[in-house]
């Protein structure tokens, strides 16, 4: 039977519930347990797919094509379990489902209320998402006291009571601030946060106390006394120089032992040697490169969370410190390519909308003409094709129909039809809804032998995740290829261009898929690893 660890946060947001939860999950997995994780988001959007990257950050795409919270990316980077659409749901998704059932008459005329109908649906989805895991960690988004979180907190209160104390526990993250003028940490915010939880019927079993200063034993003892939590279950989690230290920090304080004993689980001791190797490679690099990352959401780097982590993983794999130089593509439009000078490689990630696109195209041209290693992802591939059409073929009006529907040479256009993962044919028009209408999830891709991308992966067929509506226009593709554009990857049926490369360039690869979603600190990713190797070669050449 599945055991549940419910994870909540108090005092302030952005305490790192996702990292702490994933780190505990990693330790339990290292003890031989089957672990999964869920994220419950209180916002009313059905999913984050149409939310602004400036507000929400990255949309993480699962293998089965769900657009989810970026915390699921942390989950997959810390544990081996692959997340699905069942591992993340929102208030909007819950209400949408309940209202659809009400319209069908499934409730037989009953008055639909938050309790029991909404809370029952939340509990049903938690149980479904947990599946047959030994332990399921369920993270509740937001902060205790928020009105939006109340149905979720009530649902976990009920579920905790229904399955019993031997199968459910509550881990609460709080902030223990350091007051510089007093020269000490303060426990009062934690006490009040727990008081808020207890007022709605939830007593924490574990407190993870976040701080930027050490929390001494007397403070932990005081917190335990005022919150009715065992002293050994009051965990001090100070800021770390890398998040991949967190599993070791939690293990050193015995958190996994406490969980295993509480649940009565029989399992091995934790083997964290893989994480020790990751931390060692991260903190003791032998080389260093600088990569210019040209994007349009630089005001909130969480919009590129998986990509930034993937570059870190590539550095770990190559024992190389990867310095990312974040450049807003609009700054290139205004200030020119001097911003790119001195970079060992150039990375152009995905994005939507016209703003900043010309700056990305300029960055591609700089990389191609100056033989600087280039990696383009999603839109980064599309702008590479546009740049090639404009500056190699002379089609000065070349563009994507996303930016100019009247372009004389629409080298990138809307995908009007494709088969989804089930084989069903989906169609789209410019008037289609934005939500849930993209080519999403894992798709097979055939790689051309002898290509740079084939050298990276070392295989003929790969599977990568997608999130896009636009593709290279097949009607103009033959002319692009005749002019020297290398198509080194295609969809399984050969209908869609997945990877392009540039002839006579040391390393120029642009892909339509998002390889960052499958990169992990322990395994890295072959494409990013190859990119960093190319950057090292460029630096050594200079």
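Just so you know, glycine gets a Cβ as well, placed from its N, Cα and C.
Binding of L-glutamine is annotated in Swiss-Prot for 379, 380, 381, 382, 402, 469; the matching candidate from 342, 351, 441, 494 at the same site is 351. Listed by Swiss-Prot as binding ATP are 14, 15, 16, 17, 18, 19; the candidate from 64, 69, 71, 106 that the record includes in that site is 71. What Swiss-Prot records for the CTP site is 13, 146, 147, 148, 186, 187, 188, 189, 190, 191, and among 39, 101, 222, 245 the residue it adds there is 222. Annotation note: residue 187 (UTP binding site) sits in a coil segment as assigned by DSSP. Binding residues for UTP (13, 186, 187, 188, 189, 190, 191, 222) extend across at most 23 Å, taking the greatest CA-CA distance. Within 8 Å of the centroid of the Cβ atoms of 14, 15, 16, 17, 18, 19, 71, where the record puts ATP, the same chain has further Cβ atoms from 9, 20, 21, 74, 139, 173. With respect to residue 19 (ATP binding site), the closest of these recorded positions in Cα terms is 187, chosen from 187, 378, 379, 381, 382. Cβ-based neighbour count (10 Å, all protein chains) for residue 381 (L-glutamine binding site) stands at 28. Between residue 514 (active site) and residue 378 (active site, nucleophile), the C-alpha separation comes to 7 Å.
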